[in-house]
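I have placed the structure first, in the form of structure tokens, so that the comments after it can refer back to it.
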Amino acid sequence: MEGRVVAAHGRQYVVELPDGVLLPCFPRGKRSDVACGDRVDIQRASDDQGVIEAIQPRTSLLYRSNVVRQKLIAANVDQIVIVVATEPGFSDELVTRALLAAESEEIEPLIVLNKCDLSERVPAARAQLAIFAGLGYRIVELSARDHAEDLRPELSGYTSVLVGQSGMGKSTLVNALVPDAGAATREISAALNSGKHTTTHATLYHLDAESELIDSPGLQEFGLGHLDRQDVEHAFREFRPYLGQCRFRDCHHDREPDCALTAAVAAGRIDPRRFTVYHRIVGTQRTD
């Protein structure tokens with residue numbers, strides 16, 4: 001029997017069956033590599049519980065990791081929506097890391113600047129995002145409290161995953177876009193035997209017949225330990241025209257002579273702030 005994972009919390013999952021029934025499921029064995037959004041093969045263990053036997057091939061997998069462990073965020077998504085806000089402040093580097101994770105999986109990125117009703121704070125937030133706008137990343141400005149519908153056209157036809165730091169207004173956005181989100185969350189929490197708030201586990205909502213939205217727990221870090229140095233280089237989209245043009249094939253883009261990337265930075269074609277973040281990421285992958 002096939003189904004779709006619509007909620008993931010630890011080793012507990014809720015699988016939506018083709019007839020719309022929600023079935024609590026557990027993975028077979030001790031290790032679990034199941035993510036919200038996965039299409040899975042399951043077997044009923046009882047009337048109200050199933051066992052996940054296999055994960056069907058994925059089109060994408062978004063996750064973060066460090067040297068100790070990895071945290072799956074969502075599977076089979078084709079758009080990542082990175083939510084930031086005019087307040088509280090947000091981390092440029094966390095946005096960068098989420099973008100790199102998306103680029104490495106060829107997931108379409110979108111940045112949402114929320115809480116734009118706080119008009120006096122918009123210019124500073126806009127300036128903070130200018131570096132991403134300059135690279136061609138799409139940015140939508142809105143107030144989830146009043147104008148969440150402005151985002152709907154950007155979600156149409158996609159399976160999107162919302163990511164962001166706590167306090168950015170993701171839950172307000174979900175509740176505005178999915179009118180029955182509260183009821184759906186209660187049903188999923190009941191299936192998980194959990195009274196916890198939706199942001200403690202990833203949850204998939206159906207926006208319409210062709211569009212889905214996965215809400216993920218708030219992040220305070222986004223480790224990229226699963227990417228090697230070459231992966232990280234390629235994920236910086238502005239680096240790509242220069243890759244392979246250094247004198248040395250294994251150039252670390254640091255102090256080596258005739259490095260195409262350092263030359264591009266010196267010529268103003270690559271923002272030095274992004275180059276600094278690149279070195280910080282590749283320099284801390286073993287410990288981040």
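Glycine is no exception: its Cβ is also placed from the backbone N, Cα and C atoms.
Remember, predicted model here, so these are calculated numbers, not experimental data.
For reference, TrEMBL has these:
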DOMAIN    65-222  domain 'CP-type G'
DOMAIN    75-220  domain 'EngC GTPase'
BINDING   Asn114, Lys115, Cys116, Asp117, Gly164, Gln165, Ser166, Gly167, Met168, Gly169, Lys170, Ser171, Thr172  GTP binding site
BINDING   Cys246, Cys251, His253, Cys259  Zn(2+) binding site
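Sequence features, as recorded in TrEMBL, placed on the structure.
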| residue | record | contacts (Cβ under 8 Å, 6+ apart) |
| --- | --- | --- |
| Asn114 | GTP binding site | Val83, Val84, Ala85, Thr86, Leu142, Ser143, Ala144, Met168, Gly169, Thr172, Leu173 |
| Gly164 | GTP binding site | Ile82, Val83, Val84, Phe90, Lys170, Gly218, Leu219 |
| Cys246 | Zn(2+) binding site | His253, Glu256, Asp258, Cys259, Ala260, Leu261 |
| Cys251 | Zn(2+) binding site | Cys259, Ala260, Leu261 |
Q) Which state, by DSSP, holds Asn114 (GTP binding site): helix, strand or coil? A) strand
**Q.** Cβ-Cβ neighbours of His253 (Zn(2+) binding site) (radius 10 Å)
**A.** 23
Q: Sort out the sequence-distant neighbours of Cys116 (GTP binding site) for me: same chain, 6+ apart, CB within less than 8 Å of its CB, listed by position.
A: Thr86, Val122, Glu141, Leu142, Ser143
**Q.** Shell list (Zn(2+); ref centroid = CB of Cys246, Cys251, His253, Cys259; cutoff 8 A)
**A.** Arg247, Phe248, His252, Asp254, Glu256, Asp258, Ala260, Leu261, Thr262
Q. Fewest other CB within 10 angstroms, which one of the binding-site residues Met168, Cys259?
A. Cys259
(Q) On average, what pLDDT score does this prediction assign to the domain 'EngC GTPase' (75-220)? (A) 90
Q | the domain 'EngC GTPase' (75-220), counted residue by residue under DSSP: helix, strand, coil | A | 62 helix, 38 strand, 46 coil
Q.
At a 10 A cut-off on CB-CB distances, which of the binding-site residues Ser166, Thr172 has the highest count?
A. Thr172
Q. Near Lys170 (GTP binding site), how many other Cβ atoms are within 10 Å of its Cβ?
A. 25
